[in-house]
Amino acid sequence: MLSRALLCLALAWAARVGADALEEEDNVLVLKKSNFEEALAAHKYLLVEFYAPWCGHCKALAPEYAKAAAKLKAEGSEIRLAKVDATEESDLAQQYGVRGYPTIKFFKNGDTASPKEYTAGREADDIVNWLKKRTGPAATTLSDTAAAESLVDSSEVTVIGFFKDVESDSAKQFLLAAEAIDDIPFGITSNSGVFSKYQLDKDGVVLFKKFDEGRNNFEGEITKEKLLDFIKHNQLPLVIEFTEQTAPKIFGGEIKTHILLFLPKSVSDYDGKLSSFKRAAEGFKGKILFIFIDSDHTDNQRILEFFGLKKEECPAVRLITLEEEMTKYKPESDELTAEKITEFCHRFLEGKIKPHLMSQEVPEDWDKQPVKVLVGANFEEVAFDEKKNVFVEFYAPWCGHCKQLAPIWDKLGETYKDHENIIIAKMDSTANEVEAVKVHSFPTLKFFPASADRTVIDYNGERTLDGFKKFLESGGQDGAGDDEDLDLEEALEPDMEEDDDQKAVKDEL
């Protein structure tokens, strides 16, 4: 009898030790294959980050992830945050389809079959708000002023619906809007004290924010669509700084026209320049997103390169559209006054500004080597020569794939250097742009056959000398296809995903 009791005690102790064996770092559970199932069983809601120790984006996320974990733990939430070193736990990474770093997945009730992909931003508030939306009601019921104050204080942006009848059609439309937005906390109230505190005497919706004017009152008929539009127009600051944390809000938002102020924080009239930019932004809410970029920051140098800017040329303003075709625009004036920036934006919206195409100077020896060097200024003349078949690599100097291709491309140039009508060429697409070709990836390989109809053929075959030769000898047929590689928007954005073959590129930046 005693031995059985001791056995039960030992098993109970072992179970307790097993649960306690879940190691924590900064309130984040450290998971391995050996304790992953145990963690899922112990926690109803579990957000898991699969990371790599060398990943720059993972390092940038770490303090915000820990802050979110601490906040939820302090609230006594059932939600816990965890992390897995995917380079050590490759079986787990493969099991959950990890192809980039960081990959973040949300597990509910231990369900391993279909965890949700995390889709919000990289700040602690974004993480907490997304998780609360996934685990609770779309809008929190605010029964008194203390609850309302707590909600407003909890996040940079909050939305509260004030409805004397929370079963009304307007209230139902409000809840539909709340369900559609993951990263902003919503509250709903019928309490007269809350109405009074926030100076409302009838039904309405208010967006509270800890920047700019502090609050925005919705006006008009309350419908889901109109509320979503109202929130889109008001949830971001008039001017948002481009950082690792704000990038998802910038690229993931619905506003696809961005004007960027490249401004070193060390410049003497920094406050004045930023103030002018902010004044200009007031007239374009919901139409153009105004973004400030610290041009002195090392992490932003690739963005300067993308716009053909050097640090010494800043402060400067550029505009870009992020629709299907990314197009850049440059102000006609270098003056950075609110009036000049406002005029530039109006002219752009009226369709009176032509795209800005970058070009380097034509090198004196551009055609002296087997691989010809093209720039914006000589591209048309060479690529669309009716008597020549021209095969062009569009590359980025920092791109790892391009560096791997370089010796093969040089050999291809040697192979055809004396050919009467085949030209092998290359163009640095970070410094040169042409209207006839939109480069979406690096490297992009395009073939311009000898003809008068300006035909362009994408190459997507093997990146080998034999593959290229077969393509050329077949007249651009063997290996033709859509181009696909490192997307330009991904190249600009500090993306949440970073796969192994991009690591070399990112480590250089």
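From the backbone N, Cα and C atoms, a Cβ is placed for every residue, glycine too.
Keep in mind it's a predicted model, so treat the numbers as computed, not measured.
Looking at Lys116, Lys273, Lys417, Swiss-Prot tags one of them with N6-succinyllysine, and that residue is Lys273. Lys224 is the residue among Lys108, Lys224, Lys470 that Swiss-Prot labels N6-succinyllysine. Of the residues Lys32, Lys202, Lys256, Lys446, Swiss-Prot records the annotation N6-acetyllysine for Lys202. Of all ranges given (74-77, 110-113, 506-509), Swiss-Prot attaches the label motif 'Prevents secretion from ER' to 506-509. Between the alpha carbons (Cα) of Arg463 (site 'Lowers pKa of C-terminal Cys of second active site') and Lys224 (N6-succinyllysine) lies a span of roughly 50 Å.
Distance noted between the C-alpha atoms of Lys273 (N6-succinyllysine) and Arg122 (site 'Lowers pKa of C-terminal Cys of first active site') is 28 Å. Non-local contacts of Lys224 (N6-succinyllysine) by the CB criterion (under 8 A, 6+ apart in sequence, same chain) comprise Gln173, Leu176, Ala177, Ala180. Between the CA atoms of Cys58 (disulfide bond) and Cys402 (disulfide bond) there is a gap of 25 Å. Taking the domain 'Thioredoxin 1' (20-136) as a whole, pLDDT averages 91 in the prediction. Helix, strand and coil counts from DSSP across the domain 'Thioredoxin 2' (348-477) read 36 helix, 30 strand, 64 coil.
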